[in-house]
Amino acid sequence: MGSATTLKIWREQSLLHKLIYDWIFVPIGVAIIIGIVIAVNQLFKAIGFNFPANVAGMLLVAIVFIILEYTIPKYAMDKILMCINPAIDFLMKWMIIFFLPPLITIVNSDLPSGSDIVKLLIVFFAGLIIFIPLVGYFIHYITILFQKMKKGKSNRSESPVVEMKEKNKKGPLNMIEIAIEDEEKTMDITSVDTHTGSTTSEHTIENTITGTHKNDIETINTPKSKETFGKDLAPPKREKPKFNWKSSAIPSKYSFITYLIIYIVSWIPAALWNVTQPLHIATNALSYFVGLCVPDKIRVIFHPLVSCTLLSYLLLWIEALIFGRGFKEEIGLYSNNSKYLLYINDTSLPFPKAGEILFCILDATVVALAFRILEHHKLIFKHIIELVGSIVIMSFLSMLVHTILCRLINTTPVYTLSMTSRSATTPLAVQVVDYLGSDMAIAILIVVFTGVFTDIIGLPLLKLVRFPLKDTLAHGACMGCAGHAVATAGLIKDFPSSSAVSSISFVLFSTLCVVWCAIPPVASLFRSIAGI
């Protein structure tokens, strides 16, 4: 049993253990990770290097821990991971809520005209429907091509004698090999059920030919009426499954009660000293908990981030009424755009509000994805060439195609450029906005909704086009490239290996978007296509 598992078992032993785990171990771990982000940011500032500290921190932590994996004893590695695991579990579990601030603050931003909104929506969904399967199949077939090239080299080096021995090991009817274009799938049809002693299809065919199953042959030859024959072939009637109103993601009573208490108590500092951060964070947390209670089948469409946003609006509106403030004024108290990394270097700035605190924890979450990379680094390293090569091509094509689509329907140039950064993760999308001069608020909103809708329609769309979900590399890469960290969070529970690939994919994709825009001729190309 691993040290991390032992610690989780210890947490469940009593309420005191839960409180220690959640309010001591988790905050310490999160603080350490944020400390890494701050240290990297200060280093970059000192050397004049402009790159998001959270993404750099993730890559740095991943590299360091992969090196440690092969250089220190296993028990030492387990101890290190045990110390940081409570924070990692917390950040991975609640990742979605940290993307909430841009959706809350959009009401205070200048929105495009109605016609531009319609045009952006057309390009938004058309691009998403095209891009997700395109990236998936592109990487899927590139991987197959690389594997065939590797097999070709290995086959040429093998002796013909070895090949003959391998062929002799196979029986004449042991396997049926079905070649489907670029993939080879093998299906075994001769297994024997050892528990029941029944023979398989091969033996049944053989015995029928030799006449050992006389009763079966006589039965087949006996004429049957058409009605009886039709009844035998008719499929059994099945009752339609009733709609399941249950949710598999309902938070624990302990979590709900804890944040409800925080919410109630937080009214005191909000009323007396206008300290609204605890109240607004508790508002978001409770809204998210309610969003998780939505039935599974509805939640596939009604994403928790969307329901959380709507419920947060409702609670913030009620709070504004109680305090005698306007709704937009309350939103202004939720976020003041005073980033914590800026505040550290200039304390004359306003103290960060709830939105900035959640964004601060989002930085820690991005770094925490390094541990998903660590967990599945062998798979990633095995296919690093085809993965990186594909993402280099897809990152440029994504930005180019979305810019062209917007121009074709005469979208306002500044909003056209906002669409280019749609699949980049938020911190890096900000860099793309700075390079291209697009609208920051709209760009961030597009980025967040791209992640949300990739998470909603990604899996059904891939199933619709019959994409092989067993291809972990291509599945993770297409979700990461299309929907960045939000889509990655959606993979963690059901597709952990794909989530690791998705983590590195969205970082590579987002980084390359910044690199492309940092090249003056490329940035000028995008601007000229947009009409600037």
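Every residue, even glycine, has its Cβ placed from backbone N, Cα and C.
Range 354-374 is the one annotated as transmembrane segment, of 354-374, 417-437 (source: TrEMBL). The feature transmembrane segment, as given by TrEMBL for the ranges 86-110, 386-410, sits at 386-410. Residues 112, 182-183, 383, 385-387, 389-390, 393-394, 398, 401-402, 405-406, 409, 411, 415, 419, 422-423, 442, 446, 449-450, 453-454, 457-458, 461-462, 465, 467-468, 471, 473-475, 477-479, 481-482 of the same chain, all 6+ positions outside the transmembrane segment (120-146), place their C-beta atoms under 8 angstroms from a C-beta of that stretch. A Cβ distance under 8 Å defines the sequence-distant neighbours of the transmembrane segment (440-461), meaning residues of its chain 6+ beyond its ends; these are 99, 102-103, 105-106, 109-112, 120, 124-125, 128-129, 132-133, 300-301, 303, 305-306, 415, 418-419, 421-426, 429-430, 432-433, 469, 478-479, 482-487, 489-490. Contact check: the transmembrane segment (46-68) against the transmembrane segment (386-410) gives fewer than three Cβ pairs closer than 8 Å, residues 6 or more apart, which falls short of the contact criterion. Note on the transmembrane segment (504-526): residues 51, 55, 58-59, 369, 373, 380, 387-388, 391-392, 394-396, 398-400, 403, 417, 420-421, 423-425, 428-429, 431-432, 435-436, 476-477, 479-481, 483-485, 487-488 of its chain, located 6 or more positions outside it, place their CB under 8 angstroms from a CB of the stretch. Packing against the transmembrane segment (386-410) from elsewhere in the chain are residues 119-120, 122-123, 126-127, 130-131, 134-135, 138-139, 142-143, 145-146, 380, 416-417, 419-423, 473, 477, 481, 501, 504-505, 508-509, 512-513, 516-517, 522, 525-526, 529-531: each is 6 or more residues past its ends and has a CB under 8 Å from a CB in it. Beyond its flanks by at least six residues, the transmembrane segment (254-272) meets 15, 18, 22, 278-279, 282-283, 285-286, 289, 319, 323 of its own chain at Cβ-Cβ distances under 8 Å. Within its own chain, the transmembrane segment (354-374) has Cβ neighbours under 8 Å at 30, 33-34, 36-37, 53-55, 57-62, 65-66, 69, 81, 84, 87-88, 91-92, 95, 97-101, 104-105, 276-277, 279-281, 284, 334-340, 380, 425-427, 485, 488, 492, 496, 499-500, 503-504, 507, counting only residues six or more beyond its boundaries.
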